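Written out below as structure tokens is the structure these notes cover.
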Amino acid sequence: MLFNINEKGEPLVISFAPFLSPEAIKHLQENERYSDQSQKRTAQQIEAIYTSGQNILVSASAGSGKTFVMVERILDKILRGVSIDRLFISTFTVKAATELRERIENKLYSQIAQTTDFQMKVYLTEQLQSLCQADIGTMDAFAQKVVSRYGYSIGISSQFRIMQDKAEQDVLKQEVFSKLFSEFMNQKEAPAFRALVKNFSGNCKDTSAFRELVYTCYSFSQSTENPKIWLQENFLSAAKTYQRLEDIPDHDIELLLLAMQDTANQLRDVTDMEDYGQLTKAGSRSAKYTKHLTIIEKLSDWVRDFKCLYGKAGLDRLIRDVTDLIPSGNDVTVSKVKYPVFKTLHQKLKQFRHLETILMYQKDCFPLLEQLQDFVFAFSEAYLAVKIQESAFEFSDIAHFAIKILEENTDIRQSYQQHYHEVMVDEYQDNNHMQERLLTLLSNGHNRFMVGDIKQSIYRFRQADPQIFNQKFRDYQKKPEQGKVILLKENFRSQSEVLNVSNAVFSHLMDESVGDVLYDEQHQLIAGSHAQTVPYLDRRAQLLLYNSDKDDGNAPSDSEGISFSEVTIVAKEIIKLHNDKGVPFEDITLLVSSRTRNDIISHTFNQYGIPIVTDGGQQNYLKSVEVMVMLDTLRTINNPRNDYALVALLRSPMFAFDEDDLARIALQKDNELDKDCLYDKMQRAVIGRGAHPELIHDTLLGKLNVFLKTLKSWRRYAKLGSLYDLIWKIFNDRFYFDFVASQAKAEQAQANLYALALRANQFEKSGYKGLYRFIKMIDKVLETQNDLADVEVAAPKQAVNLMTIHKSKGLQFPYVFILNCDKRFSMTDIHKSFILNRQHGIGIKYLADIKGLLGETTLNSVKVSMETLPYQLNKQELRLATLSEQMRLLYVAMTRAEKKVYFIGKASKSKSQEITDPKKLGKLLPLALREQLLTFQDWLLAIADIFSTEDLYFDVRFIEDSDLTQESVGRLQTPQLLNPDDLKDNRQSETIARALDMLEAVSQLNANYEAAIHLPTVRTPSQLKAAYEPLLEPIGVDIIEKSSRSLSDFTLPHFSKKAKVEASHIGSALHQLMQVLPLSKPINQQTLLDALRGIDSNEEVKTALDLKKIESFFCDTSLGQFFQTYQKHLYREAPFAILKVDPISQEEYVLRGIIDAYFLFDDHIVLVDYKTDKYKQPIELKKRYQQQLELYAEALTQTYKLPVTKRYLVLMGGGKPEIVEV
């Protein structure tokens, strides 16, 4: 129930419906099942919307309507009396939060329109008002709120900024690292530290590899819930644990034994083949068969009796025995067909070989790891101290501060837990452990609602851990009292052709070992409507492979590349779709794993006239030509004796010196000087004192004079003006901004130049000043191999989309092409010199000196890189995690398609005919084979090969060069232009006459309804005021009396470093303060200061607020006391929207605005509006805002059907607060 109080103190009660019981939910499901609605909710959706009172995990497959479920659940909570501000709703991105907020807003507006109950309308209106302040956003945004509000409890200032620019972070990191590195090199334990650095960098002078190690360890620790504890307790966990053969995990032993048994089984299958040749012509066993039988028997015996024969202590002996037993090669050949029977076992043996030697030397690396632990810990502390000093933090810092606040302050934690009715999380599969800890602290233990799909967890590079979702899934299924699992399987996005191929592929591919989830019936996609099941034969999925048997040389040689021929295949299919089926270009999307070859795709499409837009995201801003020219210009202004920058500026379009000009200038050296810079030669050339003044002709002399004069003016301006103004001066002086507008990609080039000025302005606002520091910052960014994000420009709508699979997540497209399916998965991380793991900590490759082991006496040392046991353990887990994520990437890519999916790759047709495995074992591809295959294409071909007797719902087709000729590819059909010769016969035709009549009628209608045409659909009171008010005076400008005109005066320049506070900012701050001010407490300076801390404004604005004037309003005016007396009737910052009729066009439009304050009583309403305008007579503001208050009153009357009896202006722009009744 909700209680409002009328003027007489009597309660007005809203009775809310209770939450549904399980029986009521079942009843609702039955009713929905037999309803007449065209689009019915599924039983699982209903269960997810209405189940309450416990933790809920919703496993929502692709296209299953999870956003719909979340919005409906939120609305149901509101309708049952849970205010929107009592829901914590976390989304993965800001964009997702915005879309969710808009959907909730639309639902609330719709509900208000349907509701006839007055009190319910009031309540829902309050929810609309609260929506903008509700906790709907990313975890980062919420953490910032917590730290801004309670940071003082852990010594963090509320006035901080976020370092979102990676370049700025790298510059600070480098400074901290360099200082700390010097300290460690001079400490007592320096020899161990030098050995550590050499182990990774080779020597102590080149520290780049060691620096990368430290940065990676730091970043990894930041994703944990407590970096300090992880570094102290988990960082060396595996190094301390795995020091003997007995310490090897049982799981690794099981994998080795499984590989041995699989090898025996596969070898038996091969020997049973008809063409194998078990017997000789004489009828006896062949030598090959005898040898293979021995291998089969011994491998089976060793697996069965492992504990008795070997045990963990004898593992090295087992490795030697197996190595001696099996052949060195991988294949067994039968009838010229090779079967890779021993390949997987060889890989496992390689992993375990030399274990005793490794363990012998592994203990020597432990002191090095302790030094690394100390260094990373010290780096973390020092880097944080610098950020605290700068009051600038990364997102992870803010999240850890929020966790610390909630952990260390029981009262704050409990206030949040008591406040939130439910803690809701979208995209739960992409959470990391830091975010999970924060959610746990906010929850009361039984009020979490989590939505996600582990099959779409693709953000491991952001330290997302799908096992968080997986563990919850298992826990809730095993122990229902902990929470409930709800599966949303129905897909409402894709046609059956897409659903069937997705199910066919992943039922053979995905399980707990690779993919992290068994793709069984409970995870398979089901069509959500009958329309999706209508078959279309031409929409069957296609695996189109360019036959590389006779590669024409167009394909790049690197493994990353996509060949010209592959792109041509795509272009051919798109032309066919567009010409034959009329598919618009915007319905087609190309998905790639990375953007490295986008230029090839764009170039090829341009050749065929196919419009294409990319998703952007490339970080090549500083490498764009126009930006490089400007940076060299700035470098030259900073130091003209920088020859590289000076030559670049001279050769640029701004001055256009050619090679001949530069050669003539270069010869103007001073014979007395050995080294002479180009700038000095230019100055000598101008005054004719160079070595060869005769080479400087009049034209060149004129160019030199212009350049030197311009450079001099720029250098002078750089000392006085801002960077922003300097850059625009350069643009204007040499017309460079206009010049790039005439070049290719003009819009992008101008956007880049404009962004350079803005970034320079942002740089100076962040506290850094001067051209030198700006250039130094840019150069450091380039030194660290970083760049700034490209500037986005508007893209054409009617074009094929090209984006990464990651970027496509959450989107859907009618036709999807998955390109470069032959690209090998990136396994770079598993070959690094170190691998990190959350449970095991760090594992490294140790550079051991085995001189003593070899008995070597002539050499100083014999260094061998060894994979330590922790490294091998982490490597295997990382390999499986990488393959799992790639498998989920393929799932995301395939499930974006609505109608048809294409796979594009290249392969050798002859080699692909080789059977990958001799026998199908169960429904899944064998684990060893899935680990071995390292491309999407290999997975698909293996499934097509091994499960060829099944309908896999996709076809494999090889494309030859002959299929990709210009004639075969075809051309886009463009609209046929009219033949001018045919027009002469139509001049007086009836068609032309009718057309002219229609044009005349349209012109007449346009003239009659001109006002309606130009009428906007949405307007605000301020716009209406501006439209009818003859004076255009911005807020904060003094109103000048008409009878007088102020005389011009001279004001001394203002040299304060503090930015001028805008009057509009003060007005916004006042409105925020009046909104959050607690009226239940006595209004005094302390109350106002406490409330001031909670508003979102900078310190300058807060200081500019006149708190004494606000205190005077509440204490000295009758209206201020009225606020405190009737605070239960008060509504503050209330949004509204009403329909109005334009007096000229008689057309309707929507009027929207926000009312500062109003008092709602049983039979009337009192309206209040605050104004900070400066004035001389109150009557002036009364006239100015009279119409605006009339609009507010009209909105309130329409909403509540009550008269507005009083309308007040609270004027805060004078010497004291004044109340004016309007």
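Cβ coordinates come from backbone N, Cα and C, glycine included.
Per Swiss-Prot, the features are as follows:
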| type | residues | note |
| --- | --- | --- |
| DOMAIN | 39-495 | domain 'UvrD-like helicase ATP-binding' |
| BINDING | Ala60, Ser61, Ala62, Gly63, Ser64, Gly65, Lys66, Thr67 | ATP binding site |
| DOMAIN | 524-810 | domain 'UvrD-like helicase C-terminal' |
Through the lens of DSSP with three states only, how would you label Ala60 (ATP binding site)?
strand
Chain-internal residues, separated by at least six, CB under 8 A from Gly63 (ATP binding site):
Asn491, Phe492, Arg493, Ser494, Leu525, Gly528, Gln812, Thr895
Using CB atoms and a 10 A radius, I'd like the single residue among the binding-site residues Ser61, Ser64, Thr67 with the highest neighbour count.
Ser64
Segment-level pLDDT (mean, integer) for the domain 'UvrD-like helicase C-terminal' (524-810):
85
For the binding-site residues Ala60, Ala62, which one has its C-beta crowded by the most other C-beta atoms within 10 angstroms?
Ala60
Coarse DSSP state, helix versus strand versus coil, of Lys66 (ATP binding site):
helix
Cβ-Cβ distance under 8 Å to Gly65 (ATP binding site), same chain, at least six residues away:
Gln45, Leu488, Glu490, Phe492, Gly528
Residues with Cβ closer than 8 Å to the Cβ of Lys66 (ATP binding site), same chain and 6+ apart in sequence?
Val58, Ala60, Asp426, Val451, Asp453, Leu488
List the other residues in this chain whose Cβ sits within 8 Å of the Cβ centroid of the ATP site residues Ala60, Ser61, Ala62, Gly63, Ser64, Gly65, Lys66, Thr67, in sequence order.
Asp453, Leu488, Asn491, Phe492, Arg493
